[in-house]
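J.: Before anything else, here's the structure in question.
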């Protein structure tokens, strides 16, 4: 029972595959191991480069024997001593011969040995006969009809019933898809050919019988007049008797084998010679999908369903394309999955997404390799299904690549923005360290071009030719837009820093200029001795005019500096306008703060005192006054005091002398520009008369000293002025104190005798002159102090020496010693002298014990 073949239910082995495989068993079950056999025999990888042949004929007519000799197969054959069925179901084996009759045979020829018809085992049951014919016609290019010469002209003997079935199922299968116009080759192999009847005559008989059968079958509408030649080609070959002419039989079989190669439709002689495999015979089922296709066809046949081959081809294409897609995606995953994991890991760890190196080349390479592998294997299937599945595969690949690439561009976007910001900030800092000689706009333009080029290079590396979504122009535009936003932010920050530098410059200049104007209040002197400029101000009433003019000049210069520097930033006119508006507001606040500093209680009181003292202590020429009793101290005091007190109302309010009104602060600051944003106002202090919502008027804004402060200042100034007046009064009165004249008369009368004694003694006169001159010289040279110290030291030294002499006398005098009970002094003792320092004091004793 053909037990040496790989039958259904048996585990497939290489040895069994060497003998073929039972595709359909006698119970009409399909063998799912067919694909294993095709793989083992290397047919599955051949694509369309294979050919499938089926052989039909009555039972025990030598079909299997013919195939074994023709293709080198090992199908089971009937024993010559028995007459029973040998081939059950449908068997398949690969051609084992490479050439025949010296000519190469076609590659990968698959031969199906179909169970013979008219067998006693099945009897009247023709169901399997019809199903096997339908299966063979749906899968095979060439149908070999094995008949004996003496059966030609018979109906049953020539298998005309089987051929009628073939014609009917042909209409059932292929005429549903009229666009394909699939043809088949009926190859009649006439066995035991004697040669009495020419093969041409046998052909004519067979064609005539076949045409009658074709005319008798029912045809679809519109094909009633069709001919059999419209759907079938015919080929004929004759073989001698195998038993009686074995050598000739083998020679003719060898010649017949040479015809199983690729042929071309040319002439009628094609039926008797030339290759039998024409392109239009091929069912266009790739070898790797043949098993699935055959299984689907048989399932439809065995379940008596309406077999639709185009649908089966589409189903096969869908199955195989899905299978191929899964296979090629494995290689794609090998490349892409690690890259996806790197991005996911970075997100999980909270790290900024890193730009993966060479991602574009890896992604594009994996995509191209995957799609090419799919094309190579799947393009052989149904074109519509293949195109659809290719699109689905590309969609799957592109979905993953797009997510990966988008994350890559997002990382490049973030890294680029950060690098751009750092580069600009670093260049600005370097320029500031180098002395401030840098152009912000040039730095921004250079770094922007560099950053855009890096991003563009990365985006181009991710671009895939012909893939619309990989054209990252929107992302490039978005990146460029954000760089512009960052540039604007950096420019705004730089303008803020510029504004701060200008504000510092304004504060510095205001500190000098305003301090100078207020310092002039401390001088009431004129002439060359006046402290500022050699001349005092013409009038003190124009203090605020001078302050305002100095302020306006400084601010105008600051505005010019700011505007010129802002141009190098390529700042818009609106940004410059906002910056100047902020500068004017900040400058006014700085002026107010400086004025408040100058009018602090201690500062303003000191300036008022200096102003008063200059007017009171100095005359109009700036010469200090020496008070005499005859001077009008009260009048000068009153005038100087009232003049100085007149400064208090002047200092109380910021008013210009010409209009006696505050300066036009709203006009100076100007209307708030339309481009001012909330953040531009965060650090601005409210200004009265400008910011009405603060509820502070311009009059209040320009008030420097409040009423209570003014009164307190006046009281304290008057007390201070009164003290100066009392001091001057005392000075005048102290200058008139002198010795009365009668004192000199009394001194002359009482000291007349002493005067005469001195005058009469020249030595006394000389002594007095010498002592007086020496004293004057010592006084002039500041030697009186040292002389007194030396005298004091000499006196103290004399006292000590006297004490030592007295002690020596008491010790050496017997009477005194006995009286005082003092022991005798050793002889040879010296009287010690003290060492004096530079101030005439005893120096500390230095012991000589350390020298021992």
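Heads up, the Cβ atoms here are built off N, Cα and C, so glycines get one too.
Sharing the record's features from Swiss-Prot:
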type     : residues                       : note
BINDING  : 57, 58, 59, 60, 61, 62, 63, 64 : GTP binding site
COILED   : 475-500                        : coiled coil
TOPO_DOM : 1-738                          : topological domain 'Cytoplasmic'
TOPO_DOM : 784-852                        : topological domain 'Cytoplasmic'
TRANSMEM : 739-759                        : transmembrane segment
TRANSMEM : 763-783                        : transmembrane segment
J.: Can you see whether DSSP assigns residue 57 (GTP binding site) to helix, strand or coil?
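T.: In the DSSP reduction, residue 57 (GTP binding site) maps to strand.
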J.: When you measure from the Cβ of residue 62 (GTP binding site), which residues in the chain that are at least 6 apart have a Cβ under 8 Å away?
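T.: 77, 146, 191, 242 - these are the non-local Cβ neighbours of residue 62 (GTP binding site), listed in sequence order.
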J.: In the same chain, who gets a Cβ under 8 Å from the transmembrane segment (739-759) while lying at least 6 residues past its ends?
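T.: Same-chain contacts beyond the flanks: 765, 768.
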J.: Check the binding-site residues 59, 60, 61, 64 for other C-beta atoms within 10 angstroms of each C-beta and report the one with the most.
T.: 64
J.: Quick check: in three-state DSSP terms, what is residue 62 (GTP binding site)?
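T.: For residue 62 (GTP binding site) - judged by DSSP and reduced to three states - the answer is coil.
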J.: So for residue 58 (GTP binding site), how many other CB atoms are inside 10 Å of its CB?
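T.: Other Cβ atoms within 10 Å of residue 58 (GTP binding site): 20.
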J.: By a simple count, how many Cβ atoms lie within 10 Å of the Cβ of residue 63 (GTP binding site), its own Cβ left out?
T.: 27
J.: Among all the protein chains here, how many other CB atoms are within 10 A of the CB of residue 57 (GTP binding site)?
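T.: Around the Cβ of residue 57 (GTP binding site), 24 other Cβ atoms lie within 10 Å.
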